[in-house]
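As C-alpha cells, the structure follows; a few thoughts come after it.
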Amino acid sequence: GQLPTWLQGILLRNGPGMHTIGESKYNHWFDGMALLHSFTFKNGEVYYRSKYLRSDTYNCNIEANRIVVSEFGTMAYPDPCKNIFAKAFSYLSHTIPEFTDNCLINIMKAGGDFYATGETNFIRKINPQTLETLEKVDYNKYVSVNLATSHPHYDSAGNVLNMGTSIVDKGRTKYVLFKIPSSVPEKEKKKSCFKHLEVVCSIPSHSLLHPSYYHSFGLTENYIIFIEQPFRLDIVKMATAYIRGVNWASCLAYNKDDKTWFHFIDRKTKKEVSTKFFTDALVFFHHINAYEEDGHIVFDLIAYTDNSLYDMFYLKNLGKDFEENTKLTSIPTCKRFVVPLQYDKDAEVGSNLVRLASTATAVKEKDGNIYCQPEVLCEGIELPRINYNYNGKKYKYIFATEVQWSPVPTKIAKFNIQTKEMLHWTQDHCWPSEPVFVPNPDAKEEDDGVVLTCVVKSDPKEAPFLLVLDAKTFTELARATVNVEMHMDLHGVFIPEQVVKTETE
C-alpha cells in the first residue's frame, strides 16, 4: 500500500519481551523484561528497530543469569544459602520493597525527553531514535510516592499531570496528584524538569492499609477525576510477601460488596468537590475520556465486574490452547457515568439529578451522597485510544482493540459514541495491539487521520506487520511486514517528526 505523505515520525511502543533468564522463568506475562520497539516513517518508507530496556533490573538479571529482581507476579529470592538472620533482616527492609525499574508499560514525554514507564516510582529516560536506555529517574526524590501510573495526562501547555500512591507516609496513605512542567526556566537549563515538579493536591485513602489500585485517571478542562475502586493493595500482606514466599500480586484483593468512590478535584482551587459520589463495585484499568457539559462531568471507562483479567496472564495459563482455554469471567464494558456537579440542593431523596440526555443516573440518597449508575455504551473493547486533541472535551470516537471472552484481541474497532456504530478491521490468526490514532496535520474533523497498530500472527511461521488504517473509513492503506519475531506489547505513542527533530538537536 501507500502511506500518507504527511505521516512522518516514530511510533514507539513498549511491552514485556523476555520471560526466561537462564533457568528461571517469570510467572506472569506482565513481568517480562521491557522490550522497546519503534517504526520510523520517513518519506513513504518504514524502518523497524527493537531493543531491550537496559534497566538496572535487566542488567542484574542478565549478570546473574537468573531472575534476581522481583516483579509484580514473580517474587525473586537472593542466595538460598544465606542464614535465617539475613532472611529476617532482608524481610525488615522489604516493608516498602525496593521496586523494579523494569518500565514495561508505556512511554511518557516530560520536558523535552521521553521515558519508559511502569507502575513503580522509577521511570527510565530513553532515546526515541536509537532506543538507548539513559538515566533512571526516581519519582520519590521529588514527591513522596511509592507507585505511579503509566498513563499520565498532558495539558495544553505540555505539562505532565500524573498520580501516585504514597504508602503510610507520616501515618497516612494518600493518592498524590503532581505536575511536571514542560520546560524549566532559562537560567536553570541544566536542571531536569523533575526538580520543578509540584504537588497539585492529595486525596486521603479511604483506608490506611488498603489503598486502591489504579492504572489511569481522568481529566476535563476544570477537573481531575480519580476513582477509588474496591480493588485494593493490602500493605501488611505486601510487607510480609517476601518472607511468606508469595508474590505482590497475591496482595491485591477485590471486594465486590464495597462501593467505588469518585473524587473530583478542581484544577484551579486544588480542592476536592465536597459532595460524595459513588457507584457499585467495579474493576477498571483504562479511562477513555471525560468532559464537562451543562454542570455535569461525563466520563467514560472500561469496567469489569471482577478482577479475573490479571489472573489470565499468568504464564501457566498462556499455553498452546490459550484461546480455547482462557475465557474471561467478566467481559469488558464501556461505561459512561454522568455526574451532576451543579444540582438542586433541595431535590427530593431518590430523585435522579442527571439533566443530560443519557440513561446514566445519579440518585440522591438520604445521607446526601449521590449514587451513580452508568449508561452502557458498548461491550468487548479494551486498550481504548482517542484523538488526544479532544482529551477533556466532548468527543465522538473511540479506537480500541476488540476482545470478546478471550483476553487476547482479535480485531481493531472504531466506535462512534453518538450513533453506536462500530467499524472493524480483522483478519484470521491476527492479534493486533493497541491502536494509536495519528491526526492529519490539516484535519478538520475528529477522525481525520490514520490508525496504527502492530499485528502479531498466532502462527509463529508468519511474519508480523505494522498496519495503517484510514481512521475515517477503517480501510487498510498500507502494511509494513517485519521479518523478525515481534512481541505482543502494551502501550505506545506516536512522536511527530518535528518533535523528534527538536528533541534530538
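Glycine residues also receive a Cβ, built from the backbone N, Cα and C atoms like all the rest.
From a predicted model like this one, the values you see are computed outputs, not experimental measurements.
Annotation source TrEMBL lists Fe cation binding site at His151, His215, His286, His491.
When each of the binding-site residues His215, His491 is scored by how many other Cβ atoms sit within 10 Å of its Cβ, His215 comes out lowest. All protein chains considered, the CB of His286 (Fe cation binding site) has 21 other CB atoms within 10 Å. Remark: His151 (Fe cation binding site) has Asn106, His215, Ser216, Phe217, His286, His287, His491 as non-local neighbours, by Cβ distance under 8 Å and separation of at least 6 in sequence. Listed in chain order, the residues near the Fe cation site other than His151, His215, His286, His491 are Ile105, Asn106, Thr149, Ser150, Ser216, Phe285, His287, each with its Cβ within 8 Å of the site Cβ centroid.
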